[in-house]
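Taken from TrEMBL as is:
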ACT_SITE  96  active site, electrophile
ACT_SITE  168  active site, proton acceptor
BINDING   9, 10, 11, 174, 212  substrate binding site
Ligand code: PEP
């Protein structure tokens, strides 16, 4: 059965108390809503193992927010995919606009990370999306096509097998201004068609939307046929709010 794919990106937020109370609440109330949802929690690296201990018996998955391109060696401050695999991570977010912006991550670097993540059989969650200027100039599809082409160039025709795509318009992330769900539907259709054009053997492409999703607007995204999941920042930090989102998708999907 196809499930709705929800990822909580905690970014640089959370602490030990927050994690305890978040999962106390989740253990009490979330179990009924996991049948139709795949849930991934992506905490800061230092809390990955702590979160894994909480979720491993709950059918919730662990995601990392980033990974280095090296497996081991003199790379101070970095985290290897081998380490992520060892502690139970299944997914890795790559190409988030905050990493592209604040850490100068290029499309080429993102492609290299995806290559490595796939080699180790973890699943990359590739973020793509346009700036406000790109949008206003009508360049959204062009920008996304370029971002996808870079991955195709590095990984070849089968690049998008076992990858999740997150369409995240940069202007919508953390701003409280979400994209119009009907516009998002069209972009998701474009992404899926473009991927299928390059790889006719691909099945089940998952494209998530991310950008200021909250309990008020979540339904309008879930009902779009090509929105297969959500990547959620702010609204994933509060267990009660996050669970309302999870419940909404369970009731609709
Ligand atoms: C994100 O960080 O990917 C995100 C979508 O954040 P927010 O939900 O806060 O806009």
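Cβ coordinates are placed from backbone N, Cα and C, and glycine is handled just like the others.
No curator has checked TrEMBL annotations; they are predicted automatically.
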Request  = To the nearest whole angstrom, state the Cα distance for the pair residue 174 (substrate binding site) and residue 168 (active site, proton acceptor).
outcome  = 11
Message = Measuring Cα to Cα, how far is residue 10 (substrate binding site) from the residue listed as 'active site, proton acceptor' in Å?
response = 15
Inquiry  = Running a distance check here. Ligand 1 versus the binding-site residues 9, 10, 212: which have CB less than 6 Å from one of its atoms?
reply    = 9, 212
Key: Cβ neighbours within the same chain of residue 96 (active site, electrophile) - under 8 Å, at least six residues apart   = 9, 65, 66, 127, 168
Inquiry  = I'd like to know which of these binding-site residues, 9, 212, is least surrounded, judged by other CB atoms within 10 A.
reply    = 212
Ask   = What number of additional C-beta atoms lies within 10 angstroms of the C-beta atom of residue 168 (active site, proton acceptor)?
value = 24
Task = Can you tell which of 10, 11, 174 has the least company, meaning the fewest other C-beta atoms within 10 angstroms of its C-beta, among these binding-site residues?
result = 174
Query = Max Cα-Cα distance in Å among 9, 10, 11, 174, 212, the residues listed as binding substrate?
reply = 14
Key: Environment of 9, 10, 11, 174, 212, the listed substrate site - residues of the same chain whose CB lies within 8 A of the CB centroid   = 13, 173, 232, 233, 234, 236, 237
